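**Student:** I have a structure here, written as structure tokens, and I will follow up with some questions on it.
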Amino acid sequence: MSALTTSQLATSATGFGIADRSAPSSLLRHGFQGLKPRSPAGGDATSLSVTTSARATPKQQRSVQRGSRRFPSVVVYATGAGMNVVFVGAEMAPWSKTGGLGDVLGGLPPAMAANGHRVMVISPRYDQYKDAWDTSVVAEIKVADRYERVRFFHCYKRGVDRVFIDHPSFLEKVWGKTGEKIYGPDTGVDYKDNQMRFSLLCQAALEAPRILNLNNNPYFKGTYGEDVVFVCNDWHTGPLASYLKNNYQPNGIYRNAKVAFCIHNISYQGRFAFEDYPELNLSERFRSSFDFIDGYDTPVEGRKINWMKAGILEADRVLTVSPYYAEELISGIARGCELDNIMRLTGITGIVNGMDVSEWDPSKDKYITAKYDATTAIEAKALNKEALQAEAGLPVDRKIPLIAFIGRLEEQKGPDVMAAAIPELMQEDVQIVLLGTGKKKFEKLLKSMEEKYPGKVRAVVKFNAPLAHLIMAGADVLAVPSRFEPCGLIQLQGMRYGTPCACASTGGLVDTVIEGKTGFHMGRLSVDCKVVEPSDVKKVAATLKRAIKVVGTPAYEEMVRNCMNQDLSWKGPAKNWENVLLGLGVAGSAPGIEGDEIAPLAKENVAAP
């Protein structure tokens with residue numbers, strides 16, 4: 001599958017934006033927004049409903065036992081309560097991750113488990129994970145005209161059953177850093193057998209709840225059974241609902257099971273040659289769900305199959321990772337990547353992501369010079385700025401505003417737009433720190449800015465986690481000039497550390513950053529990744545100049561406190577996910593408790609050498 005970027009689908013027409021929407025009414029930090037079809041008589045294609053986070057009624061609430069000092073908040077699960085939820089995805093942090101998908105499958109499941117649900121996450125075994133054990137359970141999976149044997153590895157962490165599908169197509173391809181080799185040998189290059197690999201994942205995931213006898217949790221025993229909700233994530237799991245309906249339900253298996261499909265990035269859809277459909281071993285009934293025609297010649301010209309399209313059409317509920325991104329997806333071809341009409345048909349619900357507040361905690365962060373909370377942030381951030389300036393080789397002066405950019409160096413994140421705005425910013429008394437890795441052309445571009453403006457710009461084009469933490473703590477403003485951003489994590493991390501964001505007005509950035517309260521909005525940027533629009537450069541430069549003028553004022557200090565006083569954890573999003581999944585009506589499902597997540601005691605993932 002070759003990546004389909006929004007630049008390939010950009011049109012000359014204006015996109016879907018928030019021209020005068022600096023503080024949109026849909027901005028509910030822990031709310032969710034559902035878009036459902038109206039009847040034809042309704043006129044508009046969609047109707048919009050906004051619902052705030054709901055709390056369980058007293059009858060629904062179950063007891064939570066507060067544990068010892070070592071375990072400050074331990075959930076006690078009630079046997080038979082809640083739901084059986086099975087997440088399936090190609091990534092699962094911290095074991096495997098290239099972006100937001102891995103973060104969601106790493107962070108959301110523990111939060112749902114804390115609410116009393118039995119939760120499993122299924123992902124490929126890309127490496128020799130030392131904390132995952134061989135269950136000795138195997139399954140025979142039919143792929144094309146042959147059968148492949150998969151094994152199931154397992155570990156139980158933070159209240160969640162983590163299941164890894166073991167097969168040579170996953171394990172033998174990934175050497176070095178797992179995140180760099182999940183989908184192909186190099187960035188932008190896919191493995192030719194990705195259809196086979198992820199077909200294996202989908203079919204093995206359907207076997208796991210029935211055959212894995214898991215007894216790690218004292219309140220949940222045995223297999224998950226058949227009354228489960230499968231939560232599929234992105235194109236790699238698109239065929240799962242079809243396999244469920246084709247291979248299981250006609251035989252009386254999983255009769256009550258339901259499937260939710262979550263879109264993390266519409267730009268990657270799993271488009272393959274139409275002639276490959278028989279290799280999926282699905283009946284003709286499902287061919288139309290995969291059938292897709294576009295005007296591009298990758299991976300082949302003309303008619304194709306589209307895994308994400310099938311995932312959307314065959315699911316019982318479609319979701320995405322922020323309310324505003326849901327609006328963008330149905331707004332037209334440019335932002336819906338040719339599936340906008342399908343999503344207008346099915347409806348789509350947006351729920352904002354949370355973040356790992358234990359890993360990113362300025363009151364305990366070992367990588368920063370001065371630890372702090374909302375009450376001590378102003379002085380502590382000044383000390384951290386001085387440490388950051390020294391680390392970056394910039395003049396140490398806490399009075400100089402410091403802007404930071406952290407992100408993957410690819411078109412979506414706008415590093416080229418950021419670089420183009422730097423010359424205009426050099427007119428100001430300002431320092432800029434750039435951190436990221438990715439496409440070589442962008443790495444060279446950022447380094448050229450450092451060479452052109454020594455003493456004012458520093459570019460680090462390598463992975464450096466300690467520096468990322470110090471930047472969050474020491475920067476005055478975090479620049480997020482994304483062309484599109486389904487949800488975004490970087491702005492959440494910045495606000496967690498009291499760093500207001502200057503961001504593009506797209507996707508989850510609209511739902512999480514409030515103009516004048518927690519950050520600054522640049523407006524909508526072009527989704528055309530092939531060019532840097534001069535108007536976009538002006539928007540980025542003007543917004544950052546506006547932010548620079550606020551730094552050091554009482555208004556800025558208030559913004560810092562506003563950022564830090566938010567609950568950015570997964571607790572609110574998990575409750576919204578619970579409400580949506582309960583609506584699917586799987587037999588035996590019940591609302592969860594008001595619990596707290598079990599925090600990890602140590603680093604979870606250690607791969608073998």
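Glycine is treated like the rest: Cβ placed from N, Cα and C.
Annotated ADP binding site per Swiss-Prot: G100, R408, K413, K462, Q493, in sequence order, evidence recorded as experimental evidence. Feature annotation from Swiss-Prot assigns disulfide bond to C337-C529. Marked as region 'Disordered' by Swiss-Prot: 29-67. What Swiss-Prot records for 1-77 is transit peptide.
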**Student:** Long-range same-chain neighbours of G100 (ADP binding site), Cβ under 8 Å, sequence gap at least 6?
**Tutor:** H264, N265, V321, N353, P486, C487, G488, L489
**Student:** Taking Cα atoms as reference points, rank the binding-site residues R408, K413, K462, Q493 by distance from C529 (disulfide bond) and give the first.
**Tutor:** K413
**Student:** In Å, how long is the longest CA to CA span across G100, R408, K413, K462, Q493, which the record gives as the ADP binders?
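**Tutor:** Spelled out: the longest distance between any two Cα atoms in G100, R408, K413, K462, Q493 is 19 Å.
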**Student:** Over all shown protein chains, what is the count of other CB atoms within 10 A of the CB belonging to R408 (ADP binding site)?
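**Tutor:** There are 17 of them.
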**Student:** Enter the number of other CB atoms within 10 angstroms of the CB of K413 (ADP binding site).
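**Tutor:** Around the Cβ of K413 (ADP binding site), 25 other Cβ atoms lie within 10 Å.
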**Student:** Count the other Cβ atoms sitting within 10 Å of the Cβ of C529 (disulfide bond), across every protein chain shown.
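**Tutor:** The answer is 19 other Cβ atoms.
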**Student:** Which site among K462, Q493 has the most other CB atoms no more than 10 Å from its CB, taking these as binding-site residues?
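**Tutor:** The largest 10 Å Cβ neighbour count belongs to Q493.
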**Student:** Find the one among the binding-site residues R408, K413, K462, Q493 whose C-alpha lies closest to that of C337 (disulfide bond).
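**Tutor:** The smallest Cα gap between C337 (disulfide bond) and any of the binding-site residues is with K413.
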**Student:** Please report the three-state DSSP label of K462 (ADP binding site).
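**Tutor:** It is coil.
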**Student:** Tally every other Cβ atom lying within 10 Å of the Cβ atom of C337 (disulfide bond).
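**Tutor:** Around the Cβ of C337 (disulfide bond), 22 other Cβ atoms lie within 10 Å.
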**Student:** Give the three-state DSSP assignment (helix, strand or coil) for C529 (disulfide bond).
**Tutor:** coil
